[in-house]
Structure formats: structure tokens, C-alpha cells
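Undergrad: The ATP binding site annotation in TrEMBL covers Gly212, Gly213, Pro214, Gly215, Thr216, Gly217, Lys218, Thr219. The annotation domain 'UvrD-like helicase ATP-binding' is assigned in TrEMBL to 191-615.
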Amino acid sequence: MITLRGVALSSSAADDLSSEQAYLTTLYERLDHLRDQADQRLRAILLEAGGTPQGRTQREATRSHYAEQLAQMNAVENGLCFGRLDFTAGEPRYIGRLGLAAPEHGRDPLLIDWRAPAARSFYLATAVSPDGVKRRRHLRTRGRTLTGIDDEVLDLEAGATGGREDVTGEAALLSALTANRTGRMRDIVETIQAEQDAVIRAGLNGALVVQGGPGTGKTAVALHRAAYLLYTYRSQLTKQGVLILGPNPTFLRYISQVLPSLAETGVLLATLGDMYPGVRARAVERPAAAAVKGRLAMLTVLERAVADWQTVPDDHVEVDHDGYPLRIERAMLEDARAVARRSGRPHNVARQLFVTEAIHALSLAIADKIGADPLGGDNLLSESDLAETRRELREDVDVQQALFEFWPVLTPRRVLRELLADPERLAAAAGDLTGEERALLLREHDAAWTPADVPLLDELAELLGVDDTLKARTAARERREAIEYAEGVLEIVEGSRSLDFEDDSEEEILSAIDVVDASAFAERHEVIDTRTAAERAAADRTWVFGHVIIDEAQELSPLAWRLLMRRCPSRSMTVVGDVAQTSELAGTTGWEQVFEPYVGQRWNLVELTVNYRTPAEVMAVAADVLAAVDPALQPPRSVRSAGVAPWSLRVPPAALPAEIIAAVRLEAAEAGDGRVGVLVPEALEPELGRHLVEAVPGAAAGEQPDLLNQVVLMTVRQAKGLEFDAVIVVEPDVIIAESPRGLSDLYVAVTRATRRLGVLHTGDLPKVLTALAG
Ligand SMILES: Nc1ncnc2c1ncn2[C@@H]1O[C@H](COP(=O)(O)OP(=O)(O)OP(=O)(O)O)[C@@H](O)[C@H]1O
């Protein structure tokens, strides 16, 4: 009998199960013990109060450390340990979602975190290069109970390789791939493949581009990479935060469980529409309008739009100054404007210069008038008289208002709203755009923000800048208010001071007032910011992230890239996407054009080549579509077949809604508790969605359908990055015709299926799908 750290192990299968169960039980006992310990420490800290500011900051750090530990231990309850490695020499290693140290000092850990270097062979060892590994074991569990074991013996001489050489952990992998989908992405930590592992564990620095066809695990890899980076570079990244950018809110919900299941939560998940604090840009607009907004040409448009707010009067304006009429001449304002513009400072910052120059010119004009020497000598006003005049002018509300009109303080939202709602403003600023392009941009003044507006708002924020004097004034006001509040508190303390001590008491009693003044009190009670880096980053436009991960990156416009690069000056980024799947007209079809302007040649490209989602039968259909997108592109190789042939059905146009419902019922029955996706052209989505939702209980459609429903109808654009057990593509020829990138859209549509694909059409099948007709 072999024993491992006190638990008996043996070789027969039944004994194996029971000894592994015993080991699992030991691990859970250890987890429970550590959890109790963290819980007790956390409670003790929560009961503490008072102390110095440093003491409180320290306490807050310890509190968040234990709270985080607790959250991590709770998150790994399911699937705590999923693997074991046996070596030709030495003790086995157990691999899990978290590392667990042995209770005794100096002993090997009970469980190794999957991200630790010591766990790596679990993902890389093969019979050809076993790296000392004799056997890889996958442990299947439900809750705390072991339900099965899959072994791979990595011993060529013994003739038992345990399966295919191109995948590791084949049995566990196939069981994960063929499992029904739930509407939420699952983590793949138990079955990461070698080419994926290389991406996940790549170093932190520099830009890494992961190009891969549909289903190659780009999203899964990106999320596991975030978990790996947080584990490996924890202190750096928890301070600066990690951003994961996804294409839309539905997609973010789809992936939302993956990082928590890996015990990582401090990551900001966002869409482009969330990247301007205070704006949730969710409105949908015409793709052609979004394409114009995403172009670099918009930079000039925005610059001009801002400059157009810096105006001068036709001749002059007159204001009342101290009871006298004061002429503000056009020339004065032109000169002041020229000086402010020449400074190259952002509009709101340069405003100070404009005002200073204008007031200087005005004071000279006043001096000319009231200080002129009747005998023709030097002006009679002294320097200090002039300074006094300037001060009076500066404080004169009428003068201020007049100057404000010619160089107003602006916000990005105001500038963009006015620009896009005012044909004249737009024509003046967007002279380089065609009339058609300008027409695409025009919209109502109160139109809701769209994701393509966000990079424009961000550019405007850069062009406008923040007037620091305003900021300083606000800060000063806030501090004054805090002190006033503190004075109030101290008055209450003073008022409630117990007075019933003996008059002759020798003892001096110190009250709060005696030891602390209001300003120190205000400082002491400044709220300690307990938000995570991710939370603070979400509220701060200028936040610089430690690492940025971008999914479906091919869809981003040049202006969106500028925004993201500003958030990541270190260029420590992971960019995943597929240039064959680009739908957005401003998206990219080549990574060079994205990165060249920012990092030259200093970026790395890795390709993922194996498709884990789409079975070979479906991929054969998709390959024809891809060849039509670009004959030079290669589809990824499917790792499995489903044994089901894709189907197509021609139906009369009037019967389309009913046929969809019939097909959905059929596919839903086949899928069991799996998911069915109906992918339709944009133009037909509202009507077909309504029909389906009325007829089929548990069906969802609309702007942000809940993927937990068994049946979901959506456009291809909405289905980006998602997957379903069965997919029904409706009217593929309309999907192709709807956009210049229609073929790519169809490629995306047919590659969403994990098992079954069907196509419903009212006209001829498009040529690219003729394989289906046979
Ligand atoms: N190593 C793996 N083990 C288990 N499942 C995997 C593995 N790699 C990928 N998958 C699964 O394959 C499916 C496709 O993965 P994912 O969505 O990450 O692909 P993708 O490359 O982002 O696809 P697309 O470009 O179409 O959005 C998911 O269900 C994912 O969980």
C-alpha cells in the first residue's frame, strides 16, 4: 500500500476511486480550516475601530486581503481539485484551482494552483515528450464527491499513449466539448491545450495578438490569461487593474462566470460603450454611420468643431463696465484667440490665456481713454493702476460673460451633441467628408449615445482638457465643506460634553476640541477608498491599466484603438480576434495596420489552429463561406465530428415565421437541455423575434436577449463570440446582402454551432452554401 501525505493510495480502479476520494476529502478539510481562519480574522478586524490614519489604512488593507482570500476560497468550492500528475520518480502532484499549503511547515503543498510552474506539465506533457510524467489523471467531481477518473499513461514503450497525440486529456476534453451549453461560458482550466497554454502563460510585457478561427478558444484563452497574469504579477496588476473589453453587454454576461470560477474578480469587464465614464453608450446606429465615426478623418473634424466654438464678433460688442459702456473690439479678441491657440493647450486650459490676453487689451484701451495726458505726454496711469483695472475687469460679471461667449468652457458631450445635431456646424467642421457621410452623422439633439460616439467623446476630452484652476477651486470648495462639516461635528461633541464633574476636580478632561482642530478632523475622516482598481478605473477616464485584453478585436475602429492605446501606454496587451470574422465596416482585416502606428514591428502574433467548438461536418460548410470571404484564409481544423449532417430547407416566404417555429421545436427537442440559436438578418429580426417569442415558451429575442433561455433569436452581430448546441440560420442570402461584410457575417453565423446546423431560406440557397443542398 502506497501512502501519500497520510492518505492511502492503491492501484486497482475501485481502490483508486476511494483513495482519490479520501485525498479530495483531505483537501476540502484543509480548505474549510483555512476558510474558518480567514473568516475569524476578518471578523476581528471588522470589530476594530479608531486609531491613527496610517493604522486605519493598514487595517483596511488587511481587511481587503482576508475578504479577498475568503472570496477566493468560496469560489473554488466546485472543482477544487481536477488533476493529478504521477512522475517516473518522486511524489504525485495534485492540480487545482487554488494552491493549498500543507499544515506542516516544510512539506510539499497539498494542492498546486494550475497557474504555478509546477502545474505546467499537466497541460504540456505528451507520450512523445512526457517531461518526466508517467500518468496524467483527470478527476471528475460533483460538489465534494469524486464521480470518475480519466487516466492517460504517457509511456510509448508500454504502448499506452492514452489517445491522440494532438490533444492532451482527450477524454476530459471531449466530455467538456460535447456537454450541453448553458448560456454561460465555462472555464477550461481542466483541459487547456498546449497551443492555448503557450498564449495563457506568455509574459506580461508587450502587445500579443492571438489570431484564430472560430471556436479556437480565443475568448477562453484570453480569460484564463487574465487569471494567469493576476496570479503571476499580482501586486502590480491589482494596483493598476486589468481591463477586458468585449463586443457587447450580452457577450459580457456570457463570459461573466469564467473569472469568478477561477477565483479572480478584480477585473474590469467592459464594452467600448462603457469606456467614457458617465456615459452608457448602448444605442444602435446604422453600421455605415459607425464606420464614418471610427475613421481617423474624424480627428480633423473634431479639432475644427472645437475651434469653431472660439469665436469673435463681426465688429465689436459693448458691455456695461462699472456704469460705463466698454467696447470689446474684434481685433482684441482675434489677437487673444491667436495667442491662446498658438499655445497648443487644450481648449479649456487655453481659455485662461485667452481671458488674460483679452483683459490685458481691454485694460490698455481703458488706460488710453482715462489716462491719456492732455498735454501729449506718457499715459498718466501707473502700473499699479493698470493692475487694478485688470483686476476690476476680471471680476466684472458682464465682462466675464462676454468673454465666456467667445471662448466658452466646453464639455465633450456638448460639443459632440451640437456637432451631430446641427447641419451648419457639421458642414463647417466636416468639410473633408462627403455630403453623404455628413448625412449619415446627422441626428437628433437628444439622440442616445452609441458605442461609436465613445471614442469621439474621448478624443474631445483630450482636445478640451480640464481647466485645473476650476478643478483646484472645486477641490478647495470640497475641503472647505469638509471642514465646515467637521466643525459641526466638533460643536456637537463640545455641546454634549459631560459637565457634571466636580468643579474642584484637579483632573483636566480633554475633549475632542482640545486635541484636534476641524481641519485635522476633516482629514482624519476622509473616506478611505475601498474600491478595487477595476472599480476606480471604471470611473476614471484617464486611468492607465496594467494590462488590457481585447476580445473580438477585429471589430474596433481606428479611433477606438486610439482610445485603448491611451488607456495602456505600456502596450501590455493581449488582443484576440479573427480578421475573417470582421463585421464592422470600420473594423480591421489586418493586424499590421492596427499595430504599426503604435508599436511599429514590436508586437507578437500567435495563431490558434484547432477548432474546439464546431464539429467537422459544420466546418465543411463554413469552409466554403470562408473561401468566398478570402481564398487565402484557412479554416481551423475541427477537433471532433458530431455525426450529424447540417441541413437546409427552402420554404415559401409567407410560411417563414411558422417554419422557424417548427424548426426551433425540432432542434430544441434534439438539444435536450442544450441551447438553440436562431440567427436572422437585421431587417427581419424585430418581426421574426416577435413571432417566435409569442409562439415558443422559453424563447428570447430583442436588444439584449437573456442567453439563459433555451431558445434565443438574434442577429449575427449580436451572436458574435457566442455559441449554441444547435443553430438555425435564416435567409442567408439576405445576411450576405445586408452588409459589404455580409460573407464574413454568414461565416460567423454558421460557426456558432457546437453540434447541429440548419438553414432556412425562401429564395435559392446562396452559392457558398451549395454543399448543403446535396
Ligand atoms: N481547451 C479547451 N477545453 C475545453 N473547451 C474548450 C477548450 N478550448 C476551447 N474550448 C471551448 O470551445 C468553445 C469555443 O471557444 P471560444 O468561444 O473561446 O472560441 P473563440 O476562438 O473565441 O471563438 P469565436 O472566434 O467564434 O468567438 C467554447 O465552448 C470553449 O469553452
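Glycine is no exception: its Cβ is also placed from the backbone N, Cα and C atoms.
Keep in mind it's a predicted model, so treat the numbers as computed, not measured.
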Undergrad: Taking the Cβ of Pro214 (ATP binding site) as the reference point, list residues of the same chain whose Cβ is under 8 angstroms away and which are at least six residues distant in sequence.
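TA: For Pro214 (ATP binding site), the qualifying residues are Asp578, Gln581, Asn611, Arg613, Thr614, Ala622, Pro636, Tyr747, Val748, Thr751, Arg752.
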Undergrad: I want to check the contact list for Gly212 (ATP binding site): same chain, sequence separation of six or more, C-beta distance under 8 angstroms. What comes out?
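TA: Correct list: Lys218, Val576, Asp578, Glu607, Leu608, Thr609, Pro636.
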Undergrad: Just jot down the residues in the same chain as Gly213 (ATP binding site), at least 6 apart in sequence, with C-beta under 8 A of its C-beta; none if empty.
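TA: In sequence order, Asp578, Ala580, Leu608, Thr609, Asn611, Leu626, Gln634, Pro635, Pro636, Thr751 meet the Cβ cut-off.
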Undergrad: Other than Gly212, Gly213, Pro214, Gly215, Thr216, Gly217, Lys218, Thr219, which residues of the chain come within 8 Å of the ATP site, judged by Cβ distance to the Cβ centroid of those residues?
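TA: Leaving out the recorded residues gives Asp578, Leu608, Asn611, Tyr612, Arg613, Pro636.
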Undergrad: Within 10 Å of its Cβ, which one of these binding-site residues (Thr216, Thr219) has the largest number of other Cβ atoms?
TA: Thr216
Undergrad: Looking only at the domain 'UvrD-like helicase ATP-binding' (191-615), what is the model's average confidence as pLDDT?
TA: 87
Undergrad: Under DSSP, is Lys218 (ATP binding site) part of a helix or a strand, or is it coil?
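TA: It is helical.
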Undergrad: Given the binding-site residues Gly213, Pro214, Gly215, Gly217, Lys218, Thr219, return the subset with CB under 6 A from an atom of ligand 1, ordered by sequence, or none if empty.
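TA: Cβ < 6 Å from ligand 1, in sequence order: Pro214, Gly215, Gly217, Lys218, Thr219.
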Undergrad: Hey, what's the Cβ neighbour count for Gly217 (ATP binding site) at 10 Å?
TA: 26
Undergrad: Under a criterion of Cβ-Cβ distance under 8 Å and sequence separation of at least 6, what residues of the same chain contact Gly215 (ATP binding site)?
TA: Asn611, Tyr612, Arg613, Thr614, Pro636, Ser638, Glu723, Thr751
Undergrad: On the three-state reduction of DSSP, what should I expect for Gly213 (ATP binding site)?
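TA: Gly213 (ATP binding site) sits in coil per DSSP, no helix or strand.
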